[in-house]
Amino acid sequence: MARNAPAFWQTRSLAARLLLPLSGLFLLLAAVRRQLFRLGIRRAVRLPVPVVVVGNIAVGGSGKTPVVEWLVARLRDAGFTPGIVSRGYGGKAPGAVIVPPHGDVRLFGDEPVLLARLTACPVAVGADRPAAARALLQAYPGCDVIVADDGLQHYPLARDVEIAVVDERTLGNRWLLPAGPLREGPGRLRDVDIIIAHGALSPALSSLLDGRPVFAMHLEGSEFRRLDGAGCRNAEAFRGVRVHAVAGIGRPERFFAQLTRMGLEVVPHPFPDHHPFTAADLDFAPGEPKILTSKDAVKCASFASADTWEFPVKAHIAAGAAERILEKLTHGRPTA
């Protein structure tokens, strides 16, 4: 079961310091691994179509899935036919497989199933991203660009554009796993092509990114959809009653705060990221609605009661981001 980030990742506490020797080893291995690909000692797989990776240098939720949805829409607007590859975290599908319409979350993972539903786009999952991409291109030969979800550190897949999604907690205590939240050193952000900032940035991150192309993003939603498809409501319909907000995502407090700002009386129920929900997890007081994130809704639709709702959000990204991505995609040089 995935767990949310420990509190000591944001501080240099004793608990974090005790893990520093392991972080030093992690840093060495990560740096050597990347250099092997940059120097050509290990060969990255170059696909016959361009690849755009969306990721982060830290673990945890920063808003990558809404960015992938936004990116797919912008690519289509520009005349591309995109496909998506993903790790399929939490899924049990063997090898590289295509996610079918209405795929089983237990088999393919929550994020790939959600992306397939949101984008109506071909999605392939697999720990081996090049193999997943090849499977997708074989099944959908008309696909002319691949979007790699959470693929920044997957160097076996060559890429043409790198997008990093960051927020105010990205750097944390600036230490690598397991003492901190970082998968790679902070300087890695200076190498990516586009940085999308979800909300305000910390002073340390703002300083690090000074002079880099940073585009602000916020997530916005306006209606609530019943999980059985029987209707939609706006926030006004939930005012005056307690609502149980359920979130098994990297930053559940962000979801709860968004509902509170809309005037709802929220009872928060945070769960670990990628939590495998059961009906018992949603067993609250009768007559009090339950509101879920889209990522959790795909896991609960088969057993949710009639008073269970999804709150879908869309990424709104500052002007110029799409144009910069498309310029790099069509005229830029491949990124190592």
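Even glycines carry a Cβ here, placed using N, Cα and C.
These features come from Swiss-Prot:
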BINDING   A58, V59, G60, G61, S62, G63, K64, T65  ATP binding site
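The structure, with features from Swiss-Prot marked on it.
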residue	record	CB count, 10 Å
A58	ATP binding site	26
V59	ATP binding site	19
G60	ATP binding site	18
G61	ATP binding site	24
S62	ATP binding site	26
G63	ATP binding site	27
K64	ATP binding site	23
T65	ATP binding site	26
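Taking the mean position of the Cβ atoms of A58, V59, G60, G61, S62, G63, K64, T65 as the ATP site, the remaining residues of that chain whose Cβ falls within 8 Å of it are N56, V165, D167, G250, R251. Annotation note: K64 (ATP binding site) sits in a helical segment as assigned by DSSP.
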